[in-house]
Number of protein chains: 2
Amino acid sequence: MIHNLAKRAHDRNWTLDPIVRSLLDTDWYKLAMLQFIWKHFAGTRVRFTLINRSRSVRLAEVVDETELRRQLDHVRELRFTRSELIWLAGNTFYGERNIFSPGFIEWLAGFSLPPYRLLREEGQLRLEFEGCWEEVTLWEIHALAIVSELRTRHGYARLDEMDLDILFSRAKARLWSKVERLAGVPGLRFADFGTRRRHSFLWQEYVVELLAAKLPGGFTGTSNTYLAHKHNLEAIGTNAHELPMVLAALARLGRLGATGLKDSQYEVLRLWQEMYGKAMQVMLPDTYGSTQFFRGAPDWVADWTGVRLDSKDPHVGGEEALAFFAGRGRDPRKKLLVPSDALDVDLILGLHARFGGQIQPGHAPGDFRSARDFQDPAKWRHEPRCRISAGIGTNLTNDFAGCAPVAVPEFAPISLVCKVTEVEGQPAVKLSDNFSKATGTPGEIAHYRSVFGTAGLAEVPVTV
Amino acid sequence: MIHNLAKRAHDRNWTLDPIVRSLLDTDWYKLAMLQFIWKHFAGTRVRFTLINRSRSVRLAEVVDETELRRQLDHVRELRFTRSELIWLAGNTFYGERNIFSPGFIEWLAGFSLPPYRLLREEGQLRLEFEGCWEEVTLWEIHALAIVSELRTRHGYARLDEMDLDILFSRAKARLWSKVERLAGVPGLRFADFGTRRRHSFLWQEYVVELLAAKLPGGFTGTSNTYLAHKHNLEAIGTNAHELPMVLAALARLGRLGATGLKDSQYEVLRLWQEMYGKAMQVMLPDTYGSTQFFRGAPDWVADWTGVRLDSKDPHVGGEEALAFFAGRGRDPRKKLLVPSDALDVDLILGLHARFGGQIQPGHAPGDFRSARDFQDPAKWRHEPRCRISAGIGTNLTNDFAGCAPVAVPEFAPISLVCKVTEVEGQPAVKLSDNFSKATGTPGEIAHYRSVFGTAGLAEVPVTV
């Protein structure tokens, strides 16, 4: 056997195995939001903070600071390439061409990420990004993906070559058993939302390529823009909590014109539809509680296409969303639900049973565990109550717990987020439908609760 | 990424992907028997025949005749290399040096396989090897491994690259789950006996390397001489049915001196111990029925180290063997059982529970399913009733059924053997402990039954 001597020499000597290979290696909605921010809120001073909600995991002992700096520094050196910018400008997103304006594309051509601030604090990493919102915001996904993969690599170091081979064999076998359960379910749709907490870039790429090839009807695409570009897939995404969070903080400061705190959540939608029209009207109602959001929504909000369900039991949240549309006289069958919170195969199948068709008497969503159940007309008929398309994250791109031949604590996913924490010196707040997911200072959270109330909120343990 | 252009060009253009890479790629006992044959029975005319006991599988429609000829022709071109001969001469087998005589090694240096005869007959392959016993005998394992792997390759053709990746991932995951169940069981010993019906050479090599690395105490080695040589493992083996079968046929012809048909089975052992001494005294009693074998055995047979259990329920056969030793006044605790017939993990654990220790009242061999059961002193104590070392074959080296993402009938193992069928024009006969495993012409089988009886025989379906 003739060895590839160049490769072997290179493999022993490379200086950096980059985790983020391109500025496109981010969720697509970050770019859609970036244009929104660039147009309406350029110059707004914000701070993003990495928050490890799994406090028992002492991140700073797992993630090597030097390596983290090298990876972060590498991302700062990245630029959008000419091919990437041409693709962004020329591609069709959600059926629309020219989503991105020439001025924005031109601005992107000169874009690079600003400096970060990194400290170690009581076993945790204190990683912060401060600056103009349009410069800082992309750090979120890159920082999360880097920390997540560095944790993975720390786990790799516990394994020899055979162990690693077994690790990936079992992870692939596990993934394939998910594919088998999702295959053949009439009307089932889902996308990859797993960039931020992925096991690794290469694993996410493997997952996405496999799903695209083997579930062509059901797998609608990936939130990862780089992978969508590279593999000719749909880039999928809606919008995130940072928009209402920043606008709420600005409203608190009296800097959102006449719009007050409570109305700021709808101002996001108004500006968004002004920019993107019908193409991307999936609202995210849970920033300050979905129940109050629907109750207080202006009637035009009910013209939006759909609702992303991100922190409430999606069976409950989905019913609430459909009731909102029906109560406003809109036909729920034309609306779209996008459950995206800690989904796994069982939950996806159960939600599809409930919302994607008619469950026959005597059955319940939990009875639907494989394609066979959906193909039995005595149990279920494919007469959708609405459209539904799930976004699977960590369970798709980082489901390695128990796959290694030895115990590797680094492969248990943790709840890591990177959230906007300050806006023009004002604390940013998210309440969410789940008390455990609230972020912000206690005083500000209390104030927001006094304004938005706590209707429909629940206490649910956060895993990922 | 820089491609290995030489490799890529080569991969598209090679003329043969050899299945058998070396004449050592055979069961070690074939070489031990070869020296026996070479010394005592050189020139005896025999015929070996490939027999597909799974008649419903039309082998000739799966195995391409041209490719089969190319693979068989390739083996005919192989010679024992100088390094291989030095290793055979210098290595220690079963604790003995110089097992192979200088004269035999010298003869091996000039060895090559004689021609074969290949016909297609009613959807089956008719593959026969005729000639002097010492020239023909090695064909058995090479022919079986080649047909087995060609069947595998026919299955590969149904799969795309991703399917193949999933196939091996699942097979590896399945293998690892076996390792997990076998690990940590006190005193458990087993070896790879899976050359002849392996999925492929490379898979067998993967399995052997994995077991050697990950179960260093329990995995004692491999019957595959080439892999033992290459990976510094023990070459494991005893002796096979062909010895008593040929000697019985010679006895039928009156060519075994004064030794008659019934005594020919013990003449094998007498000549064997004359050649190999104490090192390799594991008898194979089932050629004409174990029960009659033990009943009629001369007393010196009870001095042998152990018994290979190859066609009777090994729980029953093991008890019978121990009763034989005890009945002849020998201490069963010093004896060795080598179960080798269609073993899987459950059977190995059950046999080890029964013979490798003391099962406590209220428990049965079937209750022992993992290391945990063996570590519970209320269930089991490691006070061996005898020594026991299992030989796993197909279940280790070809357990791919259901691993592919699509149906691949070629991955279901079949019962393929290559047996001596004729000796100097006289039909060769095996009765075995299982009526289904008998080989020979009906007339001769009837005659052998009249001589050996049918005590202790059973009817058990043959799978592999």
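Numbers here mean position along the shown chain, with the first residue as 1.
Each residue, glycine too, has its Cβ placed from N, Cα and C.
Keep in mind that this is a model prediction, so the values were computed, not measured.
Here's what TrEMBL has on this protein:
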DOMAIN    B:24-148  domain 'Nicotinate phosphoribosyltransferase N-terminal'
DOMAIN    B:189-355  domain 'Nicotinate/nicotinamide phosphoribosyltransferase'
DOMAIN    B:385-453  domain 'Nicotinate/nicotinamide phosphoribosyltransferase'
MOD_RES   B:His241  phosphohistidine
Helix, strand and coil counts within the domain 'Nicotinate phosphoribosyltransferase N-terminal' (B:24-148) (DSSP): 61 helix, 25 strand, 39 coil
Helix, strand and coil totals (DSSP H, G, I; E, B; other) for the domain 'Nicotinate/nicotinamide phosphoribosyltransferase' (B:385-453): 21 helix, 18 strand, 30 coil
Stretch-averaged pLDDT - the domain 'Nicotinate/nicotinamide phosphoribosyltransferase' (B:385-453): 95
Secondary-structure category, per DSSP, in which the residue listed as 'phosphohistidine' falls: coil
